[in-house]
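K.L.:
First, the structure itself, so that you have it in front of you.
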Amino acid sequence: SKGSDAYECDCTRTGFYGQNCSTPEFFTWIKLTFKPSPNAVHYALTHFKGLWVVINRISFVRDAIMRYVLTSRSHLIDSPPTYNADYDYKNWEAYSNLSYYTRTLPPLPKGCPAPLGVLGKVELPEAKLVVEKVLLRRHFIPDPQGTSLMFAFFAQHFTHQFFKSDMAKGPAFTKSLGHGVDLTHIYGDTLERQHKLRLFKDGKLKFQVFNGEVYPPTVREAPVDMIYPPYVPEEHRLAVGHEAFGLVPGLMMYATLWLREHNRVCDIMRQEHPEWDDERIFQTTRLILIGETIKIVIEDYVQHLSGYHFKLKFDPELLFKERFQYQNRIASEFNTLYHWHPLMPDAFHIQDQVYSYKQFTFNNSLLMEHGVNSLVESFTKQVSGRVAGGRNVPHNLMHVAMKSIEHSRNMRYQSLNSYRERFSMTPYTSFEELTGEKEMAAELQKMYGHIDRMELYPGLLVEKPRPRPSGIFGETLVEMGAPYSLKGLMGNPICSPEYWMPSTFGGSVGFEIVNSASLEKLVCQNVKGPCPVTSFRVPNMPDVGASSENSSMGLSGIGQLNPTVLLKDRTSEL
Ligand code: HEM
Ligand SMILES: *[C@@H]1O[C@H](CO)[C@@H](O)[C@H](O)[C@H]1NC(C)=O
Ligand SMILES: *[C@@H]1O[C@H](CO)[C@@H](O)[C@H](O)[C@H]1NC(C)=O
Ligand SMILES: *[C@@H]1O[C@H](CO)[C@@H](O)[C@H](O)[C@H]1NC(C)=O
């Protein structure tokens, strides 16, 4: 009965009322008034090191803080999921069709005359123009947190199990129907593929031995589809769970490590349970590797990214008394915000060699000739690029950045500011506030006309980085990314009370493998000879945050310390 102009919002359980659900109820008002801003919380967690050293040792305090981190973050994610690219209202098709990524904010209405639903310029700037003006790298800007390529390739390897767009259907669709940490990048996303990769003996995966070390089998030995250009010789066409992991040796290196880890754990399971058949060893080992992955991602990977002095903890029991849904659906926006291509350098330094993109991509020979040890060591020593702050997408990946913008438009994403509101941040009021400087802000002003029309993906990449010591991302990327990430990790079925017990993982030995997993162990237990230096952070980098304790709390400190200058000498040493 309501015309298109009259409307009424459903404010049920939002804590707000009024036509636009914008007037807070009394208790909401109290909460909002005393709630610290995301930047204040971030500041507390990344400063006062001495205090955190103490807190980290008091287990009930550490547990309470970790529980708060997990619940406050994951409550921002709708679970069960709601919208998708084709439905801006709740319905059964949108809920049940797993081929879609879900959407945190519904798509803009189709009839909307102005782009991003905001009046102003009628046309959005060409994607290519946006990339050239504010995203493309002028000169390499190293990450001030000292993130290594070892981290960058872990990020790419880990996330491609659930970011696997089905471009035949369109960017709104996914081929990874598990919507989470299911290790389909190791085992394949269909049963048929998994079977082709399995040895069917002692639970193991097929492998080959080269220079005395274990590598994935070739596609001849494991006949699954893999993407390789025609010039790649048969002996370098390695076969793994994810068909695109021949793309870079960094991905194949991690695929090799996890393959070795799988077969190593199978040996342990067979010793523990001599009566078990191949199938049971395989299945149990897969659950152990899922557990190891989540442990490493929370305690090594997210720990590094966060820059927190607070020691994060993977402990599913923290949520057993909370209201928490053990399910997850990957959101399109999560995929978009994870396009961290600025991490990639201009060239790759392996031992004494420098490889261009042309030499590096689709080159498994590089992995097999140098070996896993050298790659781990070289990737640990090379610093990644900074993601936020603008102008750091490498030339070679320019087209990927353009696609990200085009796909976001195709899927009718709402504006950067709408996402900031959705994730409890105040919308930006100007481009200068967004970038923290004037030059790119002026370019953006020219292209977009109004800050409310700024798009999500380029917005994340030009946003001013968080103040020291956590300068890799801006506020929006972290405040959006962390909820998706923690919800996806803790929403895994192995974290539920039904699964989280030793017997699920083949007894106390398997459970201990999960609970003691680390990046370093993943490497050290799966390479021959002395263990290479292994870290998500480049060792011996000057600690950019070390002297930040007495800096002022606002965002004003950013310009004071130029990481590019600081790290220039170091990177040329590497
Ligand atoms: C040299 C290294 C890399 C190359 C050559 C590369 C290339 C590409 C290409 C060609 C696409 C598909 C673009 C499209 O059609 O939309 C893509 C997607 C993507 N890349 Fe990268 N990338 C690299 C490194 C990384 C890294 C380090 C990350 C870190 C997280 C990353 C994250 C992603 C994500 C999340 C997607 C979307 C995947 C999907 O939706 O299926 N990439 N990349
Ligand atoms: C709700 O939002 C619309 C559009 O922004 C505005 O015109 C209207 O005045 C708002 N209503 C109230 C009660 O704030
Ligand atoms: C999901 O939706 C797409 C697009 O409408 C459709 O092609 C596909 O068949 C649906 N999948 C299922 C399982 O219904
Ligand atoms: C691949 O890497 C090897 C080093 O193992 C190098 O000699 C070769 O030139 C590279 N291949 C291409 C096509 O660049």
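Heads up, the Cβ atoms here are built off N, Cα and C, so glycines get one too.
Below are the features I grabbed from TrEMBL:
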ACT_SITE  H160  active site, proton acceptor
ACT_SITE  Y338  active site, for cyclooxygenase activity
BINDING   R73  substrate binding site
BINDING   H341  heme b binding site
DOMAIN    1-22  domain 'EGF-like'
K.L.:
What kind of secondary structure is the residue listed as 'active site, proton acceptor' part of, going by DSSP in three states?
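P.N.:
SS state of the residue listed as 'active site, proton acceptor' = coil.
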K.L.:
List the same-chain residues at least 6 positions away in sequence whose Cβ sits under 8 Å from the Cβ of H341 (heme b binding site), in sequence order, or say none.
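P.N.:
Looking at Cβ-Cβ distances below 8 Å from H341 (heme b binding site), excluding near sequence neighbours, one finds V393, P394, L397, V400, A401.
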K.L.:
I'm checking region-level scores; what's the whole-number mean pLDDT for the domain 'EGF-like' (1-22)?
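P.N.:
Averaged over the domain 'EGF-like' (1-22), per-residue pLDDT gives 77.
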K.L.:
Express the distance between the Cα positions of Y338 (active site, for cyclooxygenase activity) and H160 (active site, proton acceptor) as a whole number of Å.
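P.N.:
Y338 (active site, for cyclooxygenase activity) and H160 (active site, proton acceptor) have their Cα atoms 10 Å apart.
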K.L.:
How far is it from the residue listed as 'active site, proton acceptor' to R73 (substrate binding site), counting Cα to Cα, in Å?
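P.N.:
Per the Cα atoms, the residue listed as 'active site, proton acceptor' and R73 (substrate binding site) stand 22 Å apart.
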K.L.:
In sequence order, which same-chain residues at least six apart have a C-beta under 8 angstroms from the residue listed as 'substrate binding site'?
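P.N.:
Within the chain, the residue listed as 'substrate binding site' has Cβ neighbours under 8 Å at A482, P483, L486, K487.
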K.L.:
Around the Cβ of the residue listed as 'active site, proton acceptor', how many other Cβ atoms lie within 10 Å? Please give the count over every shown protein chain.
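P.N.:
19, counting other Cβ atoms within 10 Å of the residue listed as 'active site, proton acceptor'.
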